[in-house]
């Protein structure tokens, strides 16, 4: 079996930055305890489990405000997905110490929405409902931001002005966004478009589109909650024309997927730890359908290997 290691794949700079911020917080003895992450720091359970070992508690829930209601003291880390001004204000009112790990690409979109609101615009925001990134973006200006996920959402959308900006969640499929923007253009011809697919998402999607077409199967390593991982599987199937499965780690690979397969493409979401992806590749490289000794699929990567290393500051 030949393995096509799609490149680039895996961690993006926004994810690494967020994890380094959280790890440094865990090492900072001056921060009030306990330390919480408001939602998953990035959408990967292996990462959140590793942070639990670092003493950082991940709290998840339907919305950031609802999660915040569970916290009465300590330090709160805002995730890479960003939060609304209301969440920041509520944390301040509760007297919590806050650390912002928002991805710079998300902050850029928030700033754009604020600027356009000041100019009297309404904003159509393309994103996944019940995902934290759109929650934060809509929360910047909920009175003028309209969240849509698919073309059907446009049927009932009415906007009381011709001044309309269209932007999007950074981890969407660039092809889905383009198609939706074309539909929006037809209904709102005066709309201005500002595509905000982050560069890391874009190049990973394009790599799958260009490199997965030579494979019989694509395996995307990523958490089920990771939108960018799920979009990579979608791109493989819809753009490259190659069947794809998303797995959280090697233990989720089903042997029947590999029957009759000669070429397997492997990629990983932007929040997937590199050791987890390497373990998947190592399994596929040694797999022999005729040798049961090669069939074991057990995640063995220790949690200590999941998070990026940070330098420990020496006490003066």
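Cβ atoms are placed via backbone N, Cα and C, with glycine included.
Going through 43, 179 against Swiss-Prot, the one listed in the isopentenyl diphosphate site together with 81, 131, 226, 228, 271 turns out to be 43. Comparing the binding-site residues 170, 226, 228, 271 on other C-beta atoms within 10 angstroms of each C-beta gives the minimum for 226. For residue 43 (isopentenyl diphosphate binding site), the same-chain residues 6+ apart in sequence whose C-beta sits under 8 angstroms from its C-beta are 223, 225, 226, 227, 229, 269, 271. The recorded positions listed here (131, 133, 228) include 133, 228 as those with a Cα within 10 A of the Cα of residue 170 ((2E)-4-hydroxy-3-methylbut-2-enyl diphosphate binding site). According to its DSSP assignment, residue 228 (isopentenyl diphosphate binding site) is helical.
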